[in-house]
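Encoded as structure tokens, the structure appears first; notes follow it.
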Amino acid sequence: MSFLSNFWYIALALFALGFSIFIHELGHFLAAKKRGLIADRFSIGFGPRLFGWKWKGTDFRLSLLPLGGYVSLPQLADMGRLEGGEKEANPLPPISYADKMIVSVMGAVFNLILAFTISLVLWWVGREEVKTTVVGHVSESIVNSEGQEVPGPAFVAGIQEGDEILTVDGRQVGSWWKYMNTVLTGVGRNDAGEPEATIEVLRDGAVHRFTINPVIASSMKTRVFGLAPETDSNSAPVVLGLIPNMPAEEAGLQFGDRILKLDDDAVISGNILSSYLTQNSDRVINVTIDRKGEEIVIPIKPKLVTDKNGVTSPKFGFYYDYEYKTEIVHYNPIQQLAGFAETMQMTLYALLHRGSNVGLDDMSGPVGIVHGLTRMAQRGWVDLIWFVALINVNLGIFNLLPIPVLDGGHMTFATISKVIGRPLPRRFMENVQMAFMMLLLGFMLYVTFFDVGRVGRDIGLISDEVPAETTNTEQPSPNDEVPTED
């Protein structure tokens with residue numbers, strides 16, 4: 001993919017995130033104006049002002065740190081010290097409890113309105129989804145996060161190809177995306193403290209229940225069962241990423257190419273791809289691809305790569321996934337929004353539960369979100385706006401958490417003041433807001449550090465030692481695609 005194409009995808013992703021932040025702050029701003037509040041600043045970003053304009057007493061600006069945005073409402077919360085402005089010299093007219101609650105909640109309301117609007121479009125046009133929960137492949141072995149090849153958990157438990165997954169840990173799964181989220185956010189552990197999960201499958205008309213001990217796999221240290229959904233009869237590996245300075249990139253393979261044949265042999269599984277490279281590692285292989293409907297033959301010679309276990313194997317140097325059996329689904333807006341909210345609830349629960357393998361380093365900040373949006377933009381406008389809707393639901397819910405400096409924190413303070421019958425001390429409010437702002441910025445920097453690592457690995461700028469051949473079908477991916485390396 002050309003640099004110019006990548007540039008426009010990234011620009012589109014930045015616009016999508018910036019627009020979501022703008023919509024949130026617009027909700028606060030319009031509500032404040034409607035209620036007669038003073039709005040000093042409307043900022044996209046934090047910190048020093050880069051540029052902007054003033055209109056009707058409000059400074060509309062773009063600020064240095066692209067970590068969010070804010071509307072300065074000194075009657076709601078004097079954020080002058082936090083936002084780089086001056087404290088109000090003169091006392092401002094007080095505002096009512098209703099004013100505080102309405103203005104605080106309207107940011108989230110506007111995000112939900114945008115998400116609902118997008119959901120209407122998706123309801124109409126439909127979105128391709130891996131709806132099936134029928135198992136198409138059971139991995140006999142998996143490479144864990146330590147680089148060791150271990151038996152596949154589902155294989156050991158007795159799961160078979162053709163089984164239809166009904167529940168995981170008692171939670172019904174109606175799609176492969178829901179199945180993956182349930183596995184990744186699992187919190188179960190056995191008496192020895194090892195990860196554990198229960199799974200119910202339909203086999204030959206009867207329901208069978210199994211106990212699985214997930215393997216912690218990949219650099220993200222996520223739970224994996226070792227299952228993949230059934231594929232279409234004409235399924236082919238689809239290129240999701242290229243590793244720099246490896247044969248695939250040098251030969252001209254591109255994102256989105258479908259691998260049809262190696263010489264004269266059709267590619268129908270990861271095992272065939274790996275074994276063919278192993279048997280023909282010393283010569284050029286003619287790779288037939290489908291690129292936007294046109295068949296092209298690209299000669300590629302594999303490169304021998306040694307993994308962290310000292311095992312040398314031939315690689316082309318690209319990440320891929322398969323075209324699983326998909327359906328065009330038309331979920332109504334309520335179903336879509338409820339699904340987004342449930343996903344966030346599952347993630348937050350796992351984040352707070354001691355038994356899960358989800359940690360703060362698994363969260364995504366602006367860098368990770370923009371990268372996700374870029375990937376969605378590369379897939380098409382339907383996937384892009386779906387992800388924008390997901391972001392807006394998450395943004396709305398997150399801001400309603402009762403944390404100082406967030407909208408939910410303002411609502412909490414307003415409610416406390418209402419209950420005790422007097423405003424909270426100004427100095428107390430300033431100190432609490434400042435402390436939590438520092439914590440929030442620290443958290444953003446923390447997750448950004450891990451985001452950079454994940455994005456770097458995804459685009460090939462950061463290279464972990466190449467793992468042994470594996471099909472990792474349960475890594476978190478909003479588009480039901482999981483990169484495998486070859």
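Don't overthink the numbers, they just go from 1 along the chain as shown.
The backbone N, Cα and C atoms fix where each Cβ goes, and this holds for glycine too.
The transmembrane segment feature in TrEMBL is assigned to 7-24 (among others).
Residues or ranges marked as transmembrane segment in TrEMBL: 101-125 (among others).
If you look up TrEMBL, you'll see 112-205 (among others) marked as domain 'PDZ'.
Residues in the domain 'PDZ' (223-293) partition by DSSP class (helix H, G, I; strand E, B; coil) as 15 helix, 26 strand, 30 coil. TrEMBL lists 223-293 (among others) with the feature domain 'PDZ'.
Positions annotated as transmembrane segment by TrEMBL: 384-403 (among others). Within the chain, the transmembrane segment (384-403) has long-range Cβ neighbours (under 8 A, six or more residues past its boundaries) at 12, 16-17, 19-21, 23-24, 105, 107-109, 111-112, 114-115, 118-119, 121-122, 127, 336-337, 340-341, 343-344, 369, 372-373, 376-377, 409, 411-412, 436, 440, 478.
The transmembrane segment annotation in TrEMBL covers 432-452 (among others).
As annotated by TrEMBL, region 'Disordered' applies to 466-486.
Annotation comment: TrEMBL describes 469-478 as compositional bias 'Polar residues'.
With a cut-off of 8 Å between Cβ atoms, the residues of this chain six or more beyond the transmembrane segment (432-452) that come close are 46, 67, 77, 79, 81-82, 360-368, 371, 403-405, 409.
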